[in-house]
Amino acid sequence: MAKKIVSDLDLKGKVVLERADFNVPIKDGEITNDNRIVQALPTIEYIIEQGGKLVLFSHLGKVKEESDKEGLSLKPVAENLSKKLGKEVIFVPETRGEKLETAIENLNEGDVLLVENTRFEDLDGKKESKNDPELGKYWASLGDVFVNDAFGTAHREHASNVGISTHLETAAGYLMEKEIKFIGGVVNDPQKPVVAILGGAKVSDKINVIKNLVNIADKILIGGGMAYTFIKAQGKEIGLSLLEEDKIDFAKDLLENNGDQIVLPVDCKIAKEFSNDAKITEVSINEIPSDQEAMDIGPKTVELFNKELQGAHTVVWNGPMGVFEFSNFAKGTIGVCESIAKLEDATTIIGGGDSAAAAISLGFEDDFTHISTGGGASLEYLEGKELPGIKAINDK
């Protein structure tokens, strides 16, 4: 069933509550990457144009004790958003109370107000993170309709997403709509052939994704640290490379039952120490010495993965191919990123997290059909789970 989107709502003159995802990195009071704010703009601008009185909610970081509040205020977000919109964003440094209620009552059509970090409510019994029913009800009482545009927290059942939805007509914002269309589309109705590329350090982080994707993807290309548990499961020596002993049986079973779908590295770059300055050797996957560890996939693997991608109609990528934060071990990730970016007839999707950061930093942002804003949310969606934040949005 299709979900309601913001354009299905009558917004003029209404107090529109919106859950956005402004969980951006802030250092010394300065936002170091405002991509999430940029992604939120289409929905915010639409609500303003339609004459809604916009009240924005978001969390920022984890608030465990009173001293955390100082560095986790949303005030820098209000300033950044204000510049982008070319108008004042009223910032209320409270999450409830008379000051907030009065500020909302005084809003005019097209005004924008940002409520302080919703996780400040976690200092009192984790009311936000545990979806305290009274808090959700209180926030809902401040508005007329609710728009959820925070895919990054769609896998969480919080007061500021699911809690508010319980009491108000709820629609998806444009960013949430895109995530449902593309990430949800991979799971529910992908255009075949489908190729999935999985990387990152641990098999354990991706087990449920793999279990779901073997029923969807024609090929699953595995790189990153997680590949070496599979290579060990084939009976090969992996030296000091990353290994999850307790996942070898899972890897063996998968290779036995779905071996024709799984594509593993054929070569890698190894080093004796975990450092960007370490001496690099390129070796076949069968020749990793006992005193060295694999830090990146090699050029032959990049070539192999590129070959496997040709002819795909849907490609989903989650996780880097090596220790991407070290420039000398980033070539595998860069190579795979370039291969996907060059595909002309495919829907290409990055499932958030480190791969999204890699594609953006490499300047390939515009070459992908969709780069997800959710890390954990993307993974859980790819696992085939129904996400609470999406479930709570009204059907059309």
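A Cβ is built for glycine as well, from the same backbone N, Cα and C atoms used for every other residue.
If you draw a 10 Å sphere around the CB of Gly61 (substrate binding site), it holds 14 other CB atoms from the protein chains shown. Per Swiss-Prot, substrate binding site is recorded for Asp21, Phe22, Asn23, Arg36, His59, Leu60, Gly61, Lys62, Arg119, Arg156.
Here Swiss-Prot flags Lys206, Glu325, Gly352, Gly353, Asp354, Ser355 as ATP binding site, drawing on sequence analysis. Annotation for Gly353 (ATP binding site): spatial neighbours Gly200, Asn318, Gly319, Gly375, Ser378, Leu379, criterion Cβ-Cβ under 8 Å with sequence separation of six or more.
Each of the binding-site residues His59, Arg119 was assessed for Cβ neighbours inside 10 Å, and the highest tally belongs to His59. Among the residues the record lists as binding substrate, namely Asp21, Phe22, Asn23, Arg36, His59, Leu60, Gly61, Lys62, Arg119, Arg156, the two farthest apart have Cα atoms separated by 18 Å. Between the listed binding-site residues, namely Asn23, Ser355, the fewest other CB atoms within 10 angstroms of a CB are found at Asn23. If you take the C-beta of Lys206 (ATP binding site) and look for same-chain residues 6 or more apart in sequence within under 8 angstroms, you find Leu198, Gly200, Met226, Asn318, Gly319, Leu379. Note on the binding-site residues Asp21, Glu325, Asp354: the fewest other CB atoms within 10 A surround the CB of Glu325. Each residue contributes its Cα atom, and for Ser355 (ATP binding site) and Asn23 (substrate binding site) those atoms are 18 Å apart.
Here the CA atom of Glu325 (ATP binding site) lies 22 Å from the CA atom of Gly61 (substrate binding site).
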